[in-house]
Amino acid sequence: MAGGAFVSDGGGGGNSYEGGVTVFVIMTCIVAAMGGLLFGYDLGISGGVTSMGEFLSKFFPEVDRQMHAAKRETAYCKFDNQLLQLFTSSLYLAALVSSFAASAVTRKYGRKISMFVGGLAFLIGSLFNAFATNVAMLIVGRLLLGVGVGFANQSTPVYLSEMAPAKIRGALNIGFQMAITIGILLANLINYGTSKMARNGWRVSLGLAAVPAVIMVIGSFILPDTPNSMLERGKYEQAREMLQKIRGADNVDEEFQDLCDACEAAKKVENPWKNIFNEAKYRPALVFCSTIPFFQQFTGINVIMFYAPVLFKTLGFGDDASLISAVITGAVNVVSTLVSIYAVDRYGRRILFLEGGIQMIVSQIVVGTLIGLKFGTTGAGTLTPATADWILAFICLYVAGFAWSWGPLGWLVPSEICPLEIRPAGQAINVSVNMFFTFLIGQFFLTMLCHMKFGLFYFFGGMVLIMTIFIFFLLPETKGVPIEEMGRVWKQHPFWKRIIPDDAVIGGSEETYVKEV
């Protein structure tokens, strides 16, 4: 027993394995989740840096001139510049491409190696950005950061899902999202501090990205590999010993046998990419690994996360006020993610998805209406302090809804529904779709704001309505279900049971699963 253990009595379907939740596995998952700091820090830092006058005047003088022009056709278009948007979005294009390489590395060499590569690439990229002298160096640095994000987002959620006991898998996996939100908040606080520096505040902001990168690199050396990953590479005795250590029990025969069965089935799969696209039993995994990251980006959250200071500045908040407002939304993000950690394994995934969706729809409509009443379609107008406070309040309400639903669950659900034989491919699809649409939003949001004006918030509200309906009808509850037994869950769903073949249900009959649930 590693440092003692306690037994979780959370509910859920599937087999009830021996052992409990050890201090060792909790500490391991906390260290691994720090990989989320990479993603979170970048999400938060780019918006603050791109609103700093010194940074704009050095690298994007055209935007700086637009901001200070005596006459401007509309407030909505202050920051509409493709090169400026490329600085933000190029990272996600690199993350998209690197996620496919990360899939192969994760499968062949284990989750730890992918985490190391991600941390190292992010470290080098942060140094490129901190010492940049021209736009080309900035973009190269961002591309390297993207490689880091692609590898980290590929390996970390899978690592967490495989290490955590099924009964608290949701809470431990959301540690990844928690680290993202902490990274965003730290970035916002650092941006506020560095904005007060007379010179080179932007270099400090960008350079401090090296800190989470170093944590990731060190963590990849000290973390153990997962039993699943050891089995994939034929290390059966080490896998059993690790399973005993993370479960805090000597008798892990049942769970170990299930893992071995899943591993043997995985070894028979020569081409996981071909299987996930062609075989009916993997259809739910393919659908959700594709649609959930797509929908996550079209909640509009990254409009807030990496353009928050720019957005608030566009709406007439002062320089300090825009950065402080970003800090406030970042703090709401962190606190609300704690709600998800508490609730996800108690009340399930579906209720959080649905409640968060309704909350975001209402908030987007109110924010769009308030902006429309003040700025109209011309972009001419000013915010009163009272209206500014209401806009900030509803943006915070929107962020809270996202932070306990689509934020953490957008990473958790895809990572826990894929069988071992297609898990790296499924996670690669999840990451690549997420990064592609993050790239699109990052590249074109300021242009969309310029042309769609306040209607952009109605657009995102409409998208949240569609995705909430999608979840209501198609996503079954996965709380407490061991990953290797997800086939039973699909077979019980009124829609998916018509698609899933009977041989997708392993480790027991469909009727047995009904009794267990």
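Glycine is no exception: its Cβ is also placed from the backbone N, Cα and C atoms.
Going by TrEMBL, these are the annotated features:
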- 28-479: domain 'Major facilitator superfamily (MFS) profile' (DOMAIN)
- 21-41: transmembrane segment (TRANSMEM)
- 86-106: transmembrane segment (TRANSMEM)
- 113-132: transmembrane segment (TRANSMEM)
- 138-160: transmembrane segment (TRANSMEM)
- 172-190: transmembrane segment (TRANSMEM)
- 202-223: transmembrane segment (TRANSMEM)
- 285-310: transmembrane segment (TRANSMEM)
- 322-344: transmembrane segment (TRANSMEM)
- 351-371: transmembrane segment (TRANSMEM)
- 391-413: transmembrane segment (TRANSMEM)
- 425-449: transmembrane segment (TRANSMEM)
- 455-475: transmembrane segment (TRANSMEM)
> Short question: which residues 6 or more past the ends of the transmembrane segment (351-371) have a Cβ under 8 Å from it?
Replying inline: 299-300, 315, 340, 343-344, 387, 390-391, 394-395, 397-398, 400-402, 404-406, 409, 454-458, 460-461, 464-465, 467-468, 471-472, 475
> For the transmembrane segment (425-449), which recorded stretch in the set 86-106, 113-132, 172-190, 202-223 gives the largest number of Cβ pairs separated by under 8 Å?
Replying inline: 86-106
>> Is it the case that the transmembrane segment (113-132) and the transmembrane segment (391-413) touch, counting contact as three or more CB pairs under 8 Å in which the residues of each pair are 6 or more positions apart?
In response: no
> Looking at 86-106, 138-160, 172-190, 202-223, 391-413, which one has the highest count of Cβ pairs under 8 angstroms to the transmembrane segment (322-344)?
Replying inline: 391-413
>> Looking only at the recorded stretches 21-41, 86-106, 202-223, 391-413, which one has the largest tally of CB-CB distances under 8 Å to the transmembrane segment (172-190)?
In response: 21-41
> Between 0 and 100, where does the mean pLDDT of the domain 'Major facilitator superfamily (MFS) profile' (28-479) sit?
Replying inline: 86
> Other than its close neighbours in sequence, what residues sit by the transmembrane segment (86-106), given a CB gap under 8 Å and a spacing of at least six beyond its ends?
Replying inline: 42, 46-47, 50, 59-60, 113-114, 117-118, 121, 135, 138-139, 142-147, 149-151, 153-155, 158, 306-307, 424-425, 427-428, 431-432, 435-436, 438-443
> Against which stretches of its own chain does the transmembrane segment (202-223) lie, if we need a Cβ under 8 Å and a gap of at least six residues from its ends?
Replying inline: 28, 31-32, 34-35, 37-38, 41-42, 45, 48-49, 52, 54-55, 112-113, 115-116, 118-120, 122-123, 125-127, 129-132, 141, 145, 148, 152, 159, 183, 187, 190-191, 194
